[in-house]
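Accompanying notes for the structure given below.
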């Protein structure tokens with residue numbers, strides 16, 4: 001297999017150049033396991049990297065490692081074992097009862113340390129029940145493997161007392177991945193944080209480390225732990241972490257409102273499928289604006305949709321004010337599904353897009369909308385997502401026939417073409433390609449049964465639904481491709497080749513559940 005990332009223009013793979021947010025790192029970690037790289041291996045590599053950096057800084061002596069109950073603590077357990085192999089004396093202090101260890105990989109490595117006890121000398125392991133049991137240490141090196149990147153806000157005991165003891169120590173202070181207590185996104189210290197002499201972070205530089213006071217981070221070293229580039233290029237279940245959680249106490253409509261403008265005298269199924277997919281994506285309210293007979297058919301298909309009946313058999317200028325009134329209430333707008341290719345519809349869509357752009361409304365264009373206009377009409381709209389298949393892509397970007405020698409060449413060409421617009425392009429195919437400027441994601445989910453009609457409408461609805469939840473145009477399109485393909489695979493598994501787009505839409509909640517993938 002070719003190395004993912006090679007030859008892709010604008011895709012930055014150098015670790016010192018690309019800065020990750022915590023969610024990017026968490027997603028890459030899960031996606032690596034999805035590709036077949038066990039997280040236990042990643043933890044082993046991380047812990048060994050910490051031990052090696054300590055060995056580079058200090059020749060010998062005693063190392064005290066304070067470990068939390070999560071993955072950061074697991075890295076500390078592994079580091080302890082490697083430091084012992086390097087000739088250091090090591091003491092490990094778990095902050096809490098072993099039953100609180102929440103990471104399966106950390107629990108495995110805690111078990112390894114336990115199996116090494118009692119040790120003939122120079123190695124001890126204990127756990128503290130409360131902060132009163134944490135004592136000052138006179139070790140030569142103190143390691144902070146307490147909190148990692150998942151903690152924000154005030155620091156609770158016994159972590160607080162451990163941080164205070166580390167900061168009072170005259171030892172060489174090392175933080176694992178990020179100093180405990182540092183906000184991993186902003187670099188701010190919101191309560192209390194370890195002041196490290198050295199921070200060993202993994203895979204890539206993190207937002208918070210780049211922004212933080214050097215007095216808190218000390219020297220920062222980025223170490224490779226074996227996450228393949230494919231874990232960041234190919235979509236995977238880790239990317240589901242990008243979907244925002246619903247706020248407790250939120251009210252109807254606060255978790256996304258979608259407007260779908262489509263349908264015509266001939267087509268009512270396309271906007272209905274798109275609308276149901278948007279609901280399944282998690283949007284609270286989905287409104288459909290469709291011409292007469294299509295609107296009545298859609299209303300009869302689902303009581304969960306709000307349907308506005310427009311005049312005539314096709315969308316025309318007489319409905320523009322009504323469409324814009326509905327759009328005012330929407331968080332995203334999808335246009336084109338089943339709309340037909342009437343001249344009046346093209347005029348209405350172009351005028352609506354101009355007004356929606358002024359309103360800064362996220363827009364998704366699919367199907368007939370991509371035949372009624374071309375890229376030059378919308379090239380400056382950053383809040384735009386287009387979801388073409390290859391024929392629609394060629395029409396929208398005014399292309400003639402293209403021949404490529406290999407997959408890499410096709411990706412490079414499609415990315416260059418897609419950069420003609422500021423928005424996001426989701427090019428549907430056997431391998432979906434998602435582009436925005438120099439950004440690229442690929443998606444391999446899906447199955448042959450998805451040639452059935454309506455699967456593209458479901459994808460467009462998913463994209464609009466996720467966009468309404470607050471995801472960026474790039475992330476919503478990328479996630480929609482992954483979810484849509486997985487829903488197709490699950491529908492095929494349950495119904496065989498005869499599954500319909502509606503069967504596929506019903507699978508969406510299942511494949512959006514991280515538990516479906518065992519994570």
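Indices start at 1 and increase along the chain as displayed.
Heads up, the Cβ atoms here are built off N, Cα and C, so glycines get one too.
Here Swiss-Prot flags 1-233 as region 'NAD(P)H-hydrate epimerase'.
Swiss-Prot lists 25-233 with the feature domain 'YjeF N-terminal'.
DSSP states for the region 'NADPHX 1' (71-75), grouped as helix (H, G, I), strand (E, B) and coil, give 5 helix, 0 strand, 0 coil. Here Swiss-Prot flags 71-75 (among others) as region 'NADPHX 1', drawing on similarity to another entry.
In the three-state DSSP scheme, residue 144 (K(+) binding site) falls into the strand class. Cβ neighbour count for residue 144 (K(+) binding site) (all protein chains, 10 Å cutoff from its Cβ): 31. Residues annotated as K(+) binding site in Swiss-Prot: 72, 144, 180.
Sequence-distant contacts of the region 'NADPHX 1' (148-154) (same chain, six or more residues past either end, CB-CB distance under 8 Å): 22, 25-26, 68, 70-72, 176-178, 180-181, 183-184, 190-191, 206, 208. For 148-154 (among others), the entry in Swiss-Prot reads region 'NADPHX 1'.
Swiss-Prot lists 177 with the feature (6S)-NADPHX 1 binding site, giving similarity to another entry as the kind of evidence. Long-range Cβ contacts of residue 177 ((6S)-NADPHX 1 binding site) within its own chain (separation 6+, distance under 8 Å): 46, 72, 75, 148, 149, 199, 200, 201, 202, 206.
Among the features that Swiss-Prot reports, domain 'YjeF C-terminal' is placed at 235-515.
Taken from Swiss-Prot, the feature region 'ADP-dependent (S)-NAD(P)H-hydrate dehydratase' applies to 235-519.
The number of other Cβ atoms within 10 Å of the Cβ belonging to residue 338 ((6S)-NADPHX 2 binding site), over all protein chains shown, comes to 26. Annotated (6S)-NADPHX 2 binding site per Swiss-Prot: 338, 457, in sequence order.
According to Swiss-Prot, the feature region 'NADPHX 2' maps to 389-395, an assignment based on similarity to another entry. Over the region 'NADPHX 2' (389-395) the predicted model carries a mean pLDDT of 96.
Within its own chain, residue 454 (ADP binding site) has 269, 270, 273, 500, 501, 502, 504 as residues 6 or more apart in sequence whose C-beta sits under 8 angstroms from its own. As annotated by Swiss-Prot, ADP binding site applies to 428-432, 447-456, with the evidence given as similarity to another entry.
When the Cα atoms are compared, residue 338 ((6S)-NADPHX 2 binding site) and residue 432 (ADP binding site) turn out to be 22 Å apart.
Sorting each residue of the region 'NADPHX 2' (389-395) by its DSSP state yields 6 helix, 0 strand, 1 coil. Each residue contributes its Cα atom, and for residue 456 (ADP binding site) and residue 180 (K(+) binding site) those atoms are 45 Å apart. Taking the mean position of the Cβ atoms of 72, 144, 180 as the K(+) site, the remaining residues of that chain whose Cβ falls within 8 Å of it are 66, 68, 73, 76, 145, 146, 147, 148, 175, 176, 177, 178, 179, 194. Distance from the CA of residue 144 (K(+) binding site) to the CA of residue 428 (ADP binding site) is 46 Å. Within the set of binding-site residues 144, 180, 430, 432, 450, the entry lying nearest in space to residue 457 ((6S)-NADPHX 2 binding site) is 450 (CA atoms). The two recorded residues, residue 180 (K(+) binding site) and residue 432 (ADP binding site), show a Cα separation of 39 Å.
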